[in-house]
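Inspection log for the structure reproduced underneath, given as structure tokens.
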Amino acid sequence: MPVTHEYPRYTADSRFGLTASPRCNILAVSDPVTRHRPLVLAGAAEDAIAWNPVTGQAARKFREEDDDDFADEEAARPRLRAGAVVARLAWHAGASALAVGYSDGWIRLYNLWTGELLVKFCGHKNAVSSMAFNADGSLLAAGGMDSDVTVLRIEGESGFRLQGHSNAVTKVEFLEQWSNCLLSASKDGLMKFWNLDIRVCFKTLTGHPGEIWDFALIGDARDLLVTGSCDNQLRLWRLSVQDDRAPEAKRAQTDAAKEAEQLALLQPADLEDALAAEFLGSVAKATKGRTHSLAATADGRLLCVASGTRGLEWFACPSSAEQRTRLKQRQRKAARKAGADRPSRLAAEDLLKPAGMLTGFPAKLRWPALGPVRLAEQPASGASDEASVDAAQGSNRQVEALRFECFVSLANNSILSYRLSYSDGAVTVDSLGSKISHGHEGPVRWATVSSDGLAVMTLSAGQLKLWRFSSLACLLTIDCPSSSGGEDQSGSGSGQMTRCVFLPGDRYAAVGTADGRLLLCDLSDGRVAEQLQAHSGPVTCLRQLSDSSGLISGSSGERQAMQWRYEISRAAAQGGLSSRLGLLLARSIALDDCLASVCSTPDARLLCCGLLDNSIRVLFTDSVRQFLHLHGHSQPASALAASSDSSLLASGSGDRTIRLWGLQFGDCQKILRGHDLAIADLAFVPMPEGFEGADSSSSSRLLVSCGADKCLRLWDAGKFRRVAALHGHQSAVACVAVAPTGDYFASVDQDGSVRTWQRTEEPLVLEEQRELEKDAQFEEEMAEQQAEATDSAASGLVSRLSLQSVRGAEALLAALERWETDTDRETKPSSAGVSGGSNKPLESLGSWLGRQPLHELEQAISALPAVHAKRLLAALDSLAAGGLQPERVCRCACLLLSFHFPCLAVSAGDTAAKFQSRLTACGNGLTDLLGFNLAALRILQSMAAEQQPDAPAAEAADGSGVGRAKSKRQKKRQKQIFDLRTV
């Protein structure tokens, strides 16, 4: 029996401290219970969070689940990599569907109010950059960083791909006023119009100087297209359908539905001329730089422009009635002037007028989101706000004032809300709403765990936060005071925190600042109790001595380290004397160079100092005499840690290596390589007994390290062995803090998120971990090969080869193998000479196909080897002959022919011919069933209409005529029901 090596397994447990990712948009959706106060949807790392702006708390979290749809074929395997982050959000009010696009190309649809996962797709090779629903919520269009546009059918769990852009797609939008039209923008500077019936691009708009970052459809008819590019100009187009027929025929089709029908009946060659996009001009923004994002109100009257600065611009668009009035006024004015040309359209400046600017944000803007629009005067009871706005516009009456709410995602990890109003052509701020902020307002620099493991303390440039580990609730926040007292408002960096550590008893914390001060913070009341000017430069090292007798601090600008001891002072207070912990300078330790890192051995005998001259000095703690001088790193040792038995020292450096030193003779025992970038921090993890690396003397040799490569790695420092890699951070990891018991450790990164990694009961088997790493490497190579492959087709199926699709193909082959084996066993003559003839194997195969999601079957068939395509075709032929799973058989047949048609055309000619007739019969049966259901629904609709009471006045005017018409309808309905029963 092979020998296995077991270690404690650490998995991602929780993540907190992130309100809104700067690379993901935010949405404002109306709560069906309290419609006047919308929820704010934001992406935060792997989670999509619905924030309640009233309470500032998370109402619901949507998390990616590790659901293997082919889990019935093999045991669930542990995940090697953490889930991808949320890249884009889209929502449909009628279907209550929330679409979440991830950075790995997956799209998941949730029910917003229940949190139920509805369906998931995988249609892009990398991050999803834009998503949009159509009017009825049946289609979802998604653009990706891979320059493709995918259109997904929600109910059928299928879709197709549109290819034509040469760079990342930045925005997609359905043109609802024209049938089956999709508009997409890209970083290649082109806007494309797609016809979804024939899946071709029939029109392309040019004229932008560079990338198109966003666009919006404004106006009450949604016929004005506004685009934002890399300059400070907003470009405006008017979209319309051209009709060259006679005036009598034109008057017969005036509404948008008839125009959509007209456009759908045109041939592909005529589509470009049918849909006209007239360029009206450009409007300059008040802010400089590219346009970051655009957002329009629900009525299309106002446009919000964010340019990545600290200001938000507003533009107003007149209604269709106001546009006609202004155009007539211009025409009459031109007619009164001799020789003046009569204008045929309004200019861009008349259609897009500046309406104000919202400034004073504490950080740069990222994404705006607009809430529902309502009238300034509350509507009558029983009428909704949106209906009142529509009624006011339909009566050609100018709306005096509109009120709405604006949510803004900022670069400082917060969301602000403003209550705004629009009147007299200007947007004004009525009041400042709530602020949603559940973390640090900048990169997290340091973290430490309390001595009992119940609290985690994190540190950013201007704030210190204390979190309860069990509930992840923020217990207190302490702002860093400036050197002159009060909070630092100058932005000079004098009030920036750099390091923190818990003091004995966990009631106080010591904090180092960028101007060399040591702050003594009282965690019981959240105040700074004492300030000491310890160094002339920034405090880069702050560690507690292992015997809890004091602190060691150091600065990158001084060639010395300061040793501090604790003292307890008593002062008069209400009710008697109060004691307070203080710091007293014990001595100054001279060094050969500036200090980069420091640690104390657990037995408090040695003090290890990493210097900027790339060396490590080991000193005796009591006499401060040098014991060892260690050389080997090519860059300064940025992190030091000693094992629990004080016999081993681990040092991490910017040269991407970890060196293990023996503290008895100072020999370098091993060099560990695995990080791709500089190592920021490392620590030894206490281990329970029974694992490798933990012996009877309770010495821990399990080491965890982190660095700028966004990864944490576990090492066996005793056997010099790489154990596992922990993925999940999306930016450089700055620090890792281990709980005293080793049950968990926390890590922080530059994005402001804090993650905890919990030790599970299931051990980590090293051999299984290596298999997982091979699978991950195989999937990465497969993705690279698929990215290098070129596809000249303009459209195609939505699929992507991955390790999951390969496993799905294996499960499909296993199901085919079971069906063939059971069929041979059933058809084989028994000992009595009677053959089986049972249909159970075929029913079992049909049941297995019916249980698998369609998108997983699509991926499995795409990864199916071509030599087994004929076996699947034979199985589908048997299912069609038996009338089992006709819908799934038709779908699988289409997928099989799409992926493996050349192989089947050569090797399965006879089987394909028989299968064609049976598949046609299945399709006809499904068509008949659908027609029967539609006819029944029409009868039910007519019966429901007849049950509604007629108007009393109409009954009194012509009772006999109404009675005869009702009798005719009843006879007609009875005949329809008789025909349906006959069928």
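Here the Cβ of each residue, glycine as well, is placed from N, Cα and C on the backbone.
Predicted automatically and left uncurated, TrEMBL annotations should be read as such.
Per TrEMBL, the feature repeat 'WD' maps to 121-151 (among others). Confidence over the repeat 'WD' (121-151), given as mean pLDDT on the 0 to 100 scale, stands at 90.
If you look up TrEMBL, you'll see 162-197 (among others) marked as repeat 'WD'.
For 205-240 (among others), the entry in TrEMBL reads repeat 'WD'.
Under the heading compositional bias 'Basic residues', TrEMBL lists 326-336 (among others).
Per TrEMBL, the feature region 'Disordered' maps to 326-346 (among others).
Taken from TrEMBL, the feature repeat 'WD' applies to 630-671 (among others). Sequence-remote contacts of a segment are chain residues at least 6 beyond its ends whose Cβ falls under 8 Å from one of its Cβ atoms, and for the repeat 'WD' (630-671) they are 596-603, 605-606, 608, 610-618, 677-684, 686, 697-701, 703, 705, 707, 715, 717-718, 720.
As annotated by TrEMBL, repeat 'WD' applies to 726-758 (among others).
Per TrEMBL, region 'Disordered' is recorded for 820-839 (among others).
Per TrEMBL, domain 'Small-subunit processome Utp12' is recorded for 849-942.
For 947-958, the entry in TrEMBL reads compositional bias 'Low complexity'.
Residues annotated as region 'Disordered' in TrEMBL: 947-983 (among others).
Feature annotation from TrEMBL assigns compositional bias 'Basic residues' to 965-975 (among others).
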When the repeat 'WD' (726-758) is classified with DSSP, how many of its residues are helical, how many are strand and how many are coil?
0 helix, 19 strand, 14 coil
According to DSSP, how is the repeat 'WD' (630-671) divided among helix, strand and coil residues?
0 helix, 23 strand, 19 coil
